[in-house]
């Protein structure tokens, strides 16, 4: 079979899921799950290598359309198909999923309780998350979205902390409850018009009445806003992070939150552009609320996990502002922020888990003075914190700068609105280094807790932990120094999406029409297209 016709995405999705089914058959000679760990890590690594090969050989950066397409009739009577593919919106997040999931397998090495079931869920989650980003059928997307909740719930409920049952139940109630909006909106879109179809491209090509679009958009926004999360739909996240283990942290922060951002791009902006034009100012304001509220709340937290969790919510606010900017630069910054936060969030939460394994406390008041005994941990914490506070030369700086400049140059909003939004968001940016640097001081240089510093478990980072952080820092710094590494993957798709969104904004459309009219009055200029706006 030729490279171009090989079913790459189906193979990449099904390999970890099928491999998970063989875990119960594996021997466990030492009773510690060593064989199962290595098996799962190798499966994850092989799947990621296949993903990189597919990307390198079959993905064309200059093509804005769907690539690596596979489509098989499943239930043709209702237009249901197994249809997968990748474009600029999904490919960066598919690569991110493979990368973070493989590292999470390695991060899970200390897990010894019910090892078989733990790695079974990890592998099933791996394939399921890629399916969410690759599927091109809205009903299958809903099934994948729902099935993804089951491994997360079990990973929280079985391997979480003292309040794991509460956190897992809250997670499932929030996410499963909000998913009803996806189901209702999906059925309404599919059965609207003469053709019954759940295909993304068919749904995007349909014309919907504006009132109907607004209802669909609101339903999707609630469902995806829970997963992003958007304040005030965020309260499940600090509780989930507060009880999760390190590998589950990495999957939550690195991948799960990006599912909400991706769906807003794909469904809300891509399929409902007229409704997006009306909701965009609300998205921008919600983004500002996310940035400010979560930054202030993080500043007040004394629990290390909850502090980083609120920091994550704050950073995801930039995704909303970029999505509502109506500029290619703003949309590009929003996409880059999702990739950047996936890497930075995974690194910070892994370090939180590694620190807890040594100190057995999450309270900053009980830490202090451990810098002398954990110098490598301090170096890793400091570097990752610098990435989170958007230090120049790291991915977060480029992403946030692109969002700010993209929004500032948008011609969809008046100057007073832009000044207010940028000023308020800038306050959140200023707060970030304050709470992160004070956190580092309290952990490593605060008043020494002799009971803690003299304990035998307080040892420096081991090679496995250094390797995981090094793997995460390479793309963080690489993107920060050369953003085109990532932006070239989705630029062509975002050019197409930006044009579609801008044509739906009355102010921009009127300006474009006026520009064309003015040009038509000049000899030799009538055939020329109006220059890009913003």
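The backbone N, Cα and C atoms fix where each Cβ goes, glycine too.
Sequence annotations record features per position, and here Swiss-Prot assigns transmembrane segment to 6-26 (among others). Within its own chain, the transmembrane segment (6-26) is flanked in space by residues 35-36, 39-40, 43-44, 46-47, 50-51, 53-54, 58, 68, 70, 82, 84-86, 98, 116, 119-121, 123-124, 126-128, 130-131, 134, which lie at least six positions past its ends and keep a Cβ under 8 Å from the stretch.
Listed as Cβ neighbours of the transmembrane segment (38-58) (distance under 8 Å, sequence separation of 6 or more from its ends, same chain) are residues 3-4, 6, 8-9, 11-12, 15-16, 19, 23, 26, 67-68, 91, 94-95, 98-99, 101-102, 105-106, 119, 122-123, 126, 130. Annotation comment: Swiss-Prot describes 38-58 (among others) as transmembrane segment.
The transmembrane segment annotation in Swiss-Prot covers 93-113 (among others).
Long-range Cβ contacts of the transmembrane segment (117-137) within its own chain (Cβ-Cβ under 8 Å, at least 6 residues beyond either end) map to 9, 12-17, 19-20, 23-24, 33, 36-37, 39-40, 43-44, 47, 51, 66, 69, 71, 80-86, 90, 93-94, 97-98, 101, 104-105, 108, 111, 144-145, 147-148, 151-152, 154-155, 158-159, 198-201, 247, 251, 255-256, 259, 262. Taken from Swiss-Prot, the feature transmembrane segment applies to 117-137 (among others), supported by sequence analysis.
Remote same-chain partners of the transmembrane segment (138-158), defined as residues 6 or more beyond its termini with a Cβ less than 8 Å from a stretch Cβ, comprise 74, 80-83, 113-114, 117-118, 121-122, 124-125, 128-129, 131-132, 164-165, 167-169, 171-172, 175-176, 179, 182-183, 186, 189-190, 198-200, 203, 240, 243-245, 248, 251-252, 256, 259, 267. The transmembrane segment annotation in Swiss-Prot covers 138-158 (among others) and is backed by sequence analysis.
Swiss-Prot lists 171-191 (among others) with the feature transmembrane segment, giving sequence analysis as the kind of evidence. Long-range contacts of the transmembrane segment (171-191) within the same chain: residues 78-79, 138-139, 141-142, 145-146, 149, 152-153, 156, 197-198, 203, 206, 208, 212, 215-216, 219-220, 222-223, 225-227, 233, 235-236, 239-240, 271, each at least 6 residues beyond the stretch ends and with a Cβ under 8 Å from a Cβ of the stretch.
Among the features that Swiss-Prot reports, transmembrane segment is placed at 210-230 (among others). Beyond the transmembrane segment (210-230), the same-chain residues lying 6 or more positions past its ends with a Cβ under 8 Å from any Cβ of the stretch are 174-175, 178-182, 184-185, 188-189, 192, 236-237, 256-257, 259-261, 263-264, 267-268, 272, 274-276, 278-279, 286, 290, 313, 316, 319-320.
Listed as Cβ neighbours of the transmembrane segment (245-265) (distance under 8 Å, sequence separation of 6 or more from its ends, same chain) are residues 89-90, 93, 96-97, 100-101, 103-105, 107-108, 111, 122, 125, 129, 132-133, 145, 148, 152, 155-156, 159-160, 220-221, 223-229, 237, 305, 312, 316, 319-320, 323, 334-335, 338, 341-343, 345-346, 348-350, 352-354, 357, 497. Positions annotated as transmembrane segment by Swiss-Prot: 245-265 (among others).
The transmembrane segment annotation in Swiss-Prot covers 279-299 (among others), and the record cites sequence analysis as its basis. Residues 214, 217-218, 221, 225, 230-231, 234, 268, 307-321, 323-326, 407, 412-413, 417, 421, 424-425, 427-429, 431-432, 434-435, 505 of the same chain sit 6 or more residues outside the transmembrane segment (279-299) yet have a Cβ under 8 Å from a Cβ within it.
Residues or ranges marked as transmembrane segment by Swiss-Prot: 313-333 (among others).
Per Swiss-Prot, the feature transmembrane segment maps to 335-355 (among others).
According to Swiss-Prot, the feature transmembrane segment maps to 419-439 (among others).
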### Outside the transmembrane segment (335-355), six or more residues from its ends: residues with CB under 8 Å to it
88-89, 92-93, 96, 100, 103-104, 107, 241, 245-247, 249-250, 252-255, 257-258, 261-262, 265, 304-305, 308, 311-312, 315-316, 318-319, 322, 362, 377, 380-381, 384-385, 387-388, 395-396, 398-400, 402-403, 443, 461, 465, 468-469, 472-473, 475-476, 479, 483, 486-487, 490, 494
